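Would you mind keeping the following structure in view while I ask a few things?
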Amino acid sequence: MEVVIVPDSAAGGELIAEAMADLLRRKPDALLGVATGSTPLPIYQALAAKVANKEVDASRARVCQLDEYVGLPAGHPESYRSVVLREVVEPLGLDQDSFMGPDGSAEDVAAACVAYDRALAEAGGVDLQLLGIGTDGHIGFNEPCSSLASRTRIKTLTQQTRVDNARFFEGDIEQVPHHVITQGIGTILEARHLVLLATGEAKADAVALAVEGPLSALVPASALQLHPHATVVVDEAAAAGLKLADYFRATYAAKPDWQGI
Ligand code: F6R
C-alpha cells in the first residue's frame with residue numbers, strides 16, 4: 001500500500017478530494033464509496049469547493065454508503081443516510097437518485113444486506129472507496145475478528161466504538177445503537193481504489209498495526225495490505241507509530257507530480 005504523510009487533516013482532505021476530482025474527470029459517473037464520522041469531513045468540504053469553483057463537474061457522480069446503524073428511526077439526523085445526504089449529496093448538488101445505501105430500518109436485515117451487495121455489483125462496483133479507521137482498527141464497522149472475506153452483514157459494535165461514537169449522540173452511549181449494517185471486508189476489497197484517511201494521535205496505534213503489522217482479522221484495516229491499489233493518508237499525529245515513516249516520506253517525495261495517489 002502507499003502511505004502518504006500530510007501535515008494536517010486539511011492537507012489530507014485536499015489531496016484526497018483532488019484524487020476524487022481526477023477520477024470524475026476521467027469517469028464522470030464514477031461510483032464513490034463514502035465513509036462517515038469526523039475524519040472525512042475535510043475531504044467533502046474540499047471536493048464541494050472544487051465543484052463550486054468549476055474545477056470539476058460532479059453532476060453525474062454516484063455515491064454509496066459504507067455502513068449504517070440499525071434501528072434508528074427514519075430521518076434520524078445521525079443515521080448515516082442523513083449524514084451522507086447532509087455532508088456529501090447536498091453539497092455536491094446531487095439528487096437522491098444518485099445515492100444508495102443499506103436499509104437500516106428493514107424488517108429483514110439479512111435480506112437488506114444481501115440486496116445491498118447485489119446493488120453495488122449491479123451498479124458496476126465502487127470506483128473509489130473512502131475509509132476511516134476506528135481506534136480498535138475497524139474499517140466500515142468490521143470490528144476486530146471480522147472475517148477478511150466477509151460480505152455486507154449485520155455486526156455488533158464493540159463497547160470501544162460505542163464510546164467513541166457517543167459524541168454524535170449528545171455524549172450519551174445509551175443512544176448509540178448496538179447494531180449496524182456494514183459492507184464486509186471482502187465487499188470493501190472489491191472497490192477499485194481504497195483510500196483511508198486517519199488523523200489525530202488517537203489513531204496512531206491502529207494505523208501502525210494496520211500498515212506495518214501482520215495481516216490479521218484482529219486488525220480489520222490490515223486487510224488493505226491485500227488490495228492492489230490502497231492508499232493510506234495520515235497526518236503527522238496519526239503517523240507517530242510508523243517505524244517506516246521516513247521511508248514513506250521519501251517514497252512520496254520521489255513520486256512524479258502527474259502520478260497522483
Ligand atoms: C464510518 C465508518 C467508521 C469510521 C471510523 C472512524 O462510516 O465506517 O469506520 O470511519 O469509526 O470514525 P471517525 O472518523 O469519526 O474517527
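Placed from the backbone N, Cα and C atoms, the Cβ positions cover glycine too.
For reference, TrEMBL lists these features for the protein:
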- 12-226: domain 'Glucosamine/galactosamine-6-phosphate isomerase' (DOMAIN)
- ASP67: active site, proton acceptor (ACT_SITE)
- ASP136: active site, for ring-opening step (ACT_SITE)
- HIS138: active site, proton acceptor (ACT_SITE)
- GLU143: active site, for ring-opening step (ACT_SITE)
- SER146: site 'Part of the allosteric site' (SITE)
- ARG153: site 'Part of the allosteric site' (SITE)
- LYS155: site 'Part of the allosteric site' (SITE)
- THR156: site 'Part of the allosteric site' (SITE)
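Map the listed features onto the structure and describe their local environment.
Taken residue by residue with DSSP, ASP67 (active site, proton acceptor) is part of a strand.
Note on ASP136 (active site, for ring-opening step): other Cβ atoms within 10 Å of its Cβ, all shown chains, come to 19.
Proximity of HIS138 (active site, proton acceptor) to non-local residues of its own chain (separation of 6 or more, Cβ distance below 8 Å) is seen for PRO144, SER146, THR158, THR161, PRO220, ALA221, given in sequence order.
Reduced to three states, the DSSP call for GLU143 (active site, for ring-opening step) is coil. Around GLU143 (active site, for ring-opening step), the same-chain residues at least 6 positions away in sequence with a Cβ under 8 Å from its Cβ are GLY134, ASP136, LYS155, THR156, LEU157, THR158, THR161, PRO220.
Of all Cβ atoms in the protein chains displayed, 23 besides its own lie within 10 Å of the Cβ of SER146 (site 'Part of the allosteric site').
In sequence order, ALA110, CYS113, ILE181, THR182, GLY184 constitute the residues six or more apart from ARG153 (site 'Part of the allosteric site') in its chain with CB-CB distances below 8 Å.
DSSP assigns LYS155 (site 'Part of the allosteric site') to a strand in the three-state reduction.
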Give the sequence-ordered list of residues that share a chain with ASP67 (active site, proton acceptor), lie 6 or more positions from it, and have CB atoms under 8 Å from its CB.
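Expected: THR36, TYR80, PRO102, GLY140, PHE141, VAL180, ILE181, THR182, GLN183.
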Around the C-beta of THR156 (site 'Part of the allosteric site'), how many further C-beta atoms are within 10 angstroms, looking at every protein chain?
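For THR156 (site 'Part of the allosteric site'), the count of other Cβ atoms within 10 Å is 13.
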